Amino acid sequence: MSYKDQIDLQRLPRHVAVIMDGNGRWAKGKGKLRVFGHHNGVLSVRDVVEGAGILGIEYLTLYTFSAENWSRPTFEVNAIMELLISTINKEINKLMENNVRLNAIGDLEQLPAKCHRELKNAIDRTSGNTGLVLTLALSYSSRREIVNAAKALALKVRSGELKPEDIDENTFEDNLYTGGMPNPELLIRTSGEYRISNYLLWQIAYAELYFTTKLWPDFRREDLYEAILDYQKRERRFGMTSEQVN
Ligand code: FPP
């Protein structure tokens with residue numbers, strides 16, 4: 001039986017977050033430039049997005065480019081930005097066909113103007129879709145996101161819109177880039193690295209973590225399904241005892 005057939009559709013994670021890692025090593029292992037790995041990583045993105053939509057996952061959030069990634073060689077940064085633009089343009093019709101709503105989080109102003117513009121156009125075009133919400137984390141830093149939320153709250157307090165005593169976890173959460181989205185129940189990281197790398201630090205407080213040694217360009221929807229099956233075998237206790245949960 002395939003992994004997909006074993007999944008209990010009544011107990012799907014609503015939100016799956018992914019750290020797509022290992023493109024560079026994948027390419028290097030084949031004697032190619034790192035950029036070749038990113039190009040092949042797009043094929044994995046396409047397959048996983050389609051697989052998540054078919055299964056009925058509501059939110060898929062992909063760590064596409066971190067704020068720290070700006071320090072990579074200019075050639076590689078430019079290639080990723082070009083790839084982003086060409087992928088959005090190539091995939092937009094498919095996203096419409098599959099009812100996917102595109103979204104982005106991060107310091108988007110930092111993106112090259114063309115990239116920002118094309119991204120915004122694609123987000124606008126898909127804004128009426130009601131299926132999977134595909135969020136790309138771009139120029140993203142979770143610590144910066146948290147600091148920005150604190151600043152936004154401070155401004156609301158200063159303007160009298162909010163009282164300090166009214167700030168709680170919900171108001172804080174609403175001021176993150178992900179405000180309005182459920183928190184991820186499952187976080188997947190590929191490539192055998194066991195780190196969070198400044199990704200969704202607040203949002204993954206109770207997420208189940210799943211690590212695989214597969215490099216991102218080798219990761220396909222069946223691997224996503226395997227991760228979801230593993231997630232369904234775990235007992236999520238949220239600080240309670242096993243007896244209470246059962
Ligand atoms: C991590 O591998 C991957 C990235 C920093 C870029 C991710 C980008 C893509 C998959 C392509 C663009 C995506 C979309 C949605 C259009 P790495 O380079 O850090 O690999 P390494 O750890 O082996 O060096």
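Placed from the backbone N, Cα and C atoms, the Cβ positions cover glycine too.
Listed in TrEMBL for this protein:
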- D21: active site (ACT_SITE)
- N69: active site, proton acceptor (ACT_SITE)
- D21, E208: Mg(2+) binding site (BINDING)
- 22-26, R34, H38, 66-68, W70, R72, R189, 195-197: substrate binding site (BINDING)
Between H38 (substrate binding site) and E208 (Mg(2+) binding site), the C-alpha gap once rounded to whole angstrom: 27
Distance-selected binding-site residues near ligand 1 (C-beta under 6 Å), from A67, W70, R189, I196, E208: none
Candidates A67, N69, R189 (recorded positions) - the one closest to D21 (active site) by CA: R189
Count of other CB atoms lying within 10 Å of the CB belonging to I196 (substrate binding site): 16
Rounded inter-Cα distance in Å - W70 (substrate binding site), E208 (Mg(2+) binding site): 29
Largest tally of Cβ atoms lying within 10 Å of a Cβ, found at which of the binding-site residues G22, G24: G22
Binding-site residues compared (W26, W70) - highest count of Cβ atoms within 10 Å: W26
Distance, E208 (Mg(2+) binding site) to G22 (substrate binding site) (CA atoms, angstrom): 21
Around the Cβ of E208 (Mg(2+) binding site), the count of other Cβ atoms that are within 10 Å: 19
Fewest Cβ neighbours within 10 Å, where candidates are the recorded positions D21, H38, A67, N69, R189: N69
